[in-house]
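Undergrad: Okay, here's the structure, questions in a sec.
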Amino acid sequence: MTGLGVMVVMVGFLAIASLQSESRPCDTPDLGFQCGTAISHFWGQYSPYFSVPSELDASIPDDCEVTFAQVLSRHGARAPTLKRAASYVDLIDRIHHGAISYGPGYEFLRTYDYTLGADELTRTGQQQMVNSGIKFYRRYRALARKSIPFVRTAGQDRVVHSAENFTQGFHSALLADRGSTVRPTLPYDMVVIPETAGANNTLHNDLCTAFEEGPYSTIGDDAQDTYLSTFAGPITARVNANLPGANLTDADTVALMDLCPFETVASSSSDPATADAGGGNGRPLSPFCRLFSESEWRAYDYLQSVGKWYGYGPGNPLGPTQGVGFVNELLARLAGVPVRDGTSTNRTLDGDPRTFPLGRPLYADFSHDNDMMGVLGALGAYDGVPPLDKTARRDPEELGGYAASWAVPFAARIYVEKMRCSGGGGGGGGGEGRQEKDEEMVRVLVNDRVMTLKGCGADERGMCTLERFIESMAFARGNGKWDLCFA
């Protein structure tokens, strides 16, 4: 298997007790992060996972039996990337050397040192993924009692460790369930697909030259620059007034805002004395968070949403194409047939039942936020949503449930469910009638929000028939716009 450039590894057991030894009331399996929500739910892709409001009932209907469940998950909370970490160190250094005084609320910056490191999963991120595994088990208990998920992960350390933590959470829930009929042992097997340049990897696709390096590669940054110019000026002026001599730019202001979520998810302390000043319930938010108002955090959230939409999602002509390979793998799993794809799939892996088995009831894959944006685009999750305004903020309720914080926060998860219903639900025919008894139905949830998939005529419960769902994936089945990647 090593000759295929892939490893099937045994997951090392990280004692769940050590992860759960501290009280963590802010972050629970069912609801995710619920402290300081007026701020913490508006950090874009740096938000810790939280259960997103759903207009449709997200529970499994009483008249339906789930027969298949797939989760595609982002890794848990991490430290900044190496490039961003270096930029934050430079920013703090410039403040220390330039500022001649520190205004009210800014005094902590006088002695602040950047100590977050780079790239690695944080303790909060580990716990998020343990909680995610617990939640997956509980939701799909009827299947999970009988079968553990088949696990794949992109090869970066934080993603692999997230997959490990997920399996530990799943396993702890299984052991606590007296009704379970399987007794697997940790570590679980998993397929680790390397993220080396040029590798076919649907969980981290970087093969599309025009998207990675060509004219499509700057669309997201350009859109963010446009929106940033509409709101950041007054904030930067206020920050500079409190840090005279620092001479910060709008980009520096955004970097200071970035440090709020990164500092918060890096902390595992519980200090009730400072809880009310930040997140409450024993998990204070970083002092960086208090430098900005709630309305400014909403603008920050939208800035990140614009970047993801135009950088990797439906707003980029090649964004959804990056998710086509995974969607074609999903279709193969749903239908129980071999993968048919001409994009980013690895034919060697997907053609081997050891590394891509069909007929399993549970699957769990682990990836990155940008790759998940491509998958959501390829699924048509936000079809019908107008192009995001680059000059005025829009709320997610106006955008079909889209915001970076609602779609791809740390530990984000997409659930794809297949179920048989007894005839009491809708039929995937645009709401025009009821399905045949025991017809197979498919539904997609993004962080607990039921997505109304327009392409397959989702019913009043968000369900489409399996046949209509597969038919509606014509974009993916036709390889998207892959031909433009190398034009």
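In case you wondered, yes, glycine gets a Cβ from its N, Cα and C as well.
Pulled the feature table from Swiss-Prot, pasting it below:
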BINDING   Gln45, Tyr46, Arg74, His75, Arg78, Thr81, Arg158, Lys308, His368, Asp369  1D-myo-inositol hexakisphosphate binding site
DISULFID  Cys26-Cys35  disulfide bond
DISULFID  Cys64-Cys421  disulfide bond
DISULFID  Cys208-Cys485  disulfide bond
DISULFID  Cys260-Cys289  disulfide bond
DISULFID  Cys456-Cys464  disulfide bond
CARBOHYD  Asn165  N-linked glycosylation site
CARBOHYD  Asn200  N-linked glycosylation site
CARBOHYD  Asn247  N-linked glycosylation site
CARBOHYD  Asn346  N-linked glycosylation site
SIGNAL    1-19  signal peptide
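I'd like to know what surrounds each of these features in this structure.
TA: With a cut-off of 8 Å between CB atoms and residues at least 6 apart in sequence, the same chain places Asp119, Glu120, Leu121, Thr122, Gly125, Arg158, Val265, Phe410 near Arg78 (1D-myo-inositol hexakisphosphate binding site), listed in sequence order. In the three-state DSSP scheme, Arg78 (1D-myo-inositol hexakisphosphate binding site) is classed as strand.
Reduced to three states, the DSSP call for Cys26 (disulfide bond) is coil.
According to DSSP, Cys421 (disulfide bond) sits within a strand segment. For Cys421 (disulfide bond), other Cβ atoms within 10 Å of its Cβ number 23.
Summarising the environment of Cys208 (disulfide bond), the number of other Cβ atoms within 10 Å of its Cβ, over all protein chains shown, is 23.
Under the three-state DSSP scheme, Cys289 (disulfide bond) falls in the helix class.
Under the three-state DSSP scheme, Cys456 (disulfide bond) falls in the helix class.
Secondary structure at Asn165 (N-linked glycosylation site), taken from DSSP and collapsed to helix, strand or coil, is helix.
Its own atom aside, the Cβ of Asn200 (N-linked glycosylation site) has 18 Cβ atoms within 10 angstroms in the protein chains shown.
For Asn247 (N-linked glycosylation site), the Cβ neighbour count at a 10 Å cut-off comes to 13, with all displayed protein chains included.
In the three-state DSSP assignment, the secondary structure recorded for Asn346 (N-linked glycosylation site) is coil. Counting Cβ atoms from all protein chains shown, Asn346 (N-linked glycosylation site) has 22 others lying within 10 Å of its own Cβ.
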Undergrad: In sequence order, which residues at least six apart in the same chain have a CB under 8 Å from the CB of His368 (1D-myo-inositol hexakisphosphate binding site)?
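TA: Correct list: Arg74, His75, Ala154, Gln156, Val159, Leu203, His204.
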Undergrad: So among Asn200, Cys260, Cys421, all listed as recorded positions, which is physically nearest to Cys456 (disulfide bond)? Use the C-alpha atoms.
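TA: Nearest candidate: Cys421.
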Undergrad: Compute all pairwise C-alpha distances among Gln45, Tyr46, Arg74, His75, Arg78, Thr81, Arg158, Lys308, His368, Asp369, the residues listed as binding 1D-myo-inositol hexakisphosphate, and give the largest one in whole angstrom.
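TA: Greatest Cα-Cα span of the listed binding residues: 21 Å.
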Undergrad: Using C-alpha atoms, which one of the recorded positions Cys35, Asn165, Cys464 comes nearest to Gln45 (1D-myo-inositol hexakisphosphate binding site)?
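TA: The smallest Cα gap between Gln45 (1D-myo-inositol hexakisphosphate binding site) and any of the recorded positions is with Cys35.
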Undergrad: Which state, by DSSP, holds Cys35 (disulfide bond): helix, strand or coil?
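TA: The three-state answer is coil.
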Undergrad: Cβ neighbours within 10 Å, counted over all protein chains: which one of the binding-site residues Arg74, Arg158 has the most?
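TA: Its Cβ has the most other Cβ atoms within 10 Å: Arg74.
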Undergrad: Please determine which of the disulfide-bonded residues listed here (Cys26, Cys260, Cys456, Cys464, Cys485) has the lowest count of neighbouring CB atoms within 10 Å.
TA: Cys485
Undergrad: How many Å lie between the Cα of Asn247 (N-linked glycosylation site) and the Cα of Cys208 (disulfide bond)?
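TA: Asn247 (N-linked glycosylation site) and Cys208 (disulfide bond) have their Cα atoms 39 Å apart.
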